[in-house]
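Features of the protein shown, as given by TrEMBL:
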type: ACT_SITE; residues: Asp12; note: active site, proton acceptor
type: ACT_SITE; residues: His40; note: active site, proton donor
type: ACT_SITE; residues: Lys138; note: active site
type: BINDING; residues: 11-17, 39-41, Arg315, 341-343, 426-428; note: GTP binding site
type: BINDING; residues: Asp12, Glu13, Gly14, Lys15, Asn37, Ala38, Gly39, His40, Thr127, Arg141, Gln227, Thr242, Arg313; note: IMP binding site
type: BINDING; residues: Asp12, Gly39; note: Mg(2+) binding site
type: BINDING; residues: Thr309, Val310, Thr311, Gly312, Arg313, Pro314, Arg315; note: substrate binding site
Amino acid sequence: MTVTIVGSQLGDEGKGALVDLWGGDADIVVRYQGGDNAGHTVVEDGEEYKLSLVPSGAVRDKIGVLGNGCVINPRTLFSEIDDLRERGLDPDVRLAKRAHVIMPYHRRLDTIEEEAKADSDLTVGTTGRGIGPTYEDKAGRRGIRVGDLLDPDVLRQRLEYVVPQKKALIEDVYGLEAGEECDVEALVEEYTEIGRRLREDDMAVNCGDFLAERREAGDSVMFEGAQGTLIDIDHGSYPYVTSSNPTAGGAATGTGVGPTVVGQGEVVGIVKSYLSRVGEGPMPTELNGDDRDEELAEFIREKGGEFGTVTGRPRRIGWLDMPMLRHAARVSGFTGIAVNHLDVLAGLDEVKVGHAYELEGDERLTMPATTERWGECEPVLKEFDTWPEVDWAAVAEEGYDAIPDAAQDYLEYLSDELDVPIYAVGVGPGREQTVHLENPFDD
């Protein structure tokens, strides 16, 4: 049995809470793309864990796997693992030998390149953690992979090939001075030691074989996507995207399992009941039209804690965008959805959804393929009755029928439009603050 968790919007939908909730029924939780730019918060026994690389299931004694579609900063990884151990946990984390490694020169180049284009309208808003440059090296066939760290001779060979290129880029193209990030001997020493730790702790695996063997033994697997559909490199609002595939197809290419393995399981889209975005790019339903919109956006931002887990950046706020969700459901083939942050919309004077777009006088229910055309879209808003603040902890305990009627109408609209059932409704940050309707791991 497999369950794939996909962000249906622009990231920050609350995927970690659902992975944490349903991950208890999985034996293995696998991240299939992204790196330590994608933060997620997990609450366990009243303790809050902010993770950027370790899979969410690690706080629940599950095997966590970073698949070959991930890019891994070993410094971040071991820092998070050591921190979890200091807090009394013993995370079991495995790394795909085919996963690429974020090197210090990737982080340096990420910062340099972002500063060089800071005055451009196409500023993507990188976290500066080297994600993009690492994926560039992967595509350019000059990357360092986890498996290379296990063999000092191979590691040295790879570094002696790529480091002079990076040094020339920094010094000859950007006119800056290269530092320790381009010191081959220092890199060989540090990353050979990292390889030693990986080998001693038996952390590096052939991901596809490992998952096949565990599935044949009867283990259930959860695939955990980072970020969201609209920042998918192929299906997102290019160029305001990440460098990998958060959509469900990435679960196959990013782990070494076949697409039929993913397709025969459950694919659950995680939906936030409003929209948020970090960085640049179109956002047709954004609340930024006048002072009232700005006040409403600030209220939702503060109530929903809409600040980046990794960067702390305040997120842009808008109404739920239904054309975006229709696109996400089609691309990943959702079998169900979970809706988070329903409580954040309680007590508002108005609640709206972008039901469709208007573009050149025509109404359309799905997104244009190009970002430029998307930016020209105006939202066709549908207004809903508002619902009051209630005791959401009691709602979570009592179940779906305790949700205010107007909020149920809102949820049923989403389910009907996407033609999929709702599996869970988040009414607070903790796993216990979730209304359960269906467990995707149940037969």
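The backbone N, Cα and C atoms fix where each Cβ goes, glycine too.
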Q | Spatial separation of Thr41 (GTP binding site) from Arg313 (IMP binding site) - C-alpha basis, Å | A | 15
Q. Taking every protein chain shown into account, which of the binding-site residues Gly11, Gly14, Gly312, Pro314 has the largest tally of Cβ atoms within 10 Å of its Cβ?
A. Gly11
**Q.** recorded positions (His40, Lys138, Arg313, Arg315), the one with most neighbouring Cβ atoms at 10 Å
**A.** His40
Q | Nearest-integer angstrom distance between the alpha carbons (Cα) of Leu342 (GTP binding site) and Thr127 (IMP binding site) | A | 28
Q.
Suppose we draw a 10 Å sphere around the Cβ of Ala17 (GTP binding site). How many other Cβ atoms does it contain, all chains included?
A. 26
Q. Among the recorded positions listed here (Gly11, Asn37, His40, Gln227), which has the Cα closest to the Cα of Arg315 (substrate binding site)?
A. Gly11
Q: Please classify the secondary structure at His40 (active site, proton donor) using three-state DSSP.
A: strand
(Q) For a quick check of packing: other C-beta atoms within 10 Å of the C-beta of Thr41 (GTP binding site), how many? (A) 16
Q. Three states by DSSP: which one describes Gly312 (substrate binding site)?
A. coil
Q: Return the member of Asp12, Ala17, Val427 nearest to Asn37 (IMP binding site) in space, with distance defined Cα to Cα and candidates limited to these recorded positions.
A: Asp12
Q: For Ala17 (GTP binding site) and the residue listed as 'active site, proton donor', determine the Cα separation and express it in whole Å.
A: 8
Q.
Quick check for you: of the recorded positions Thr127, Lys138, Gln227, Gly312, which have their Cα within 10 Å of the Cα of Gly11 (GTP binding site)?
A. Gln227
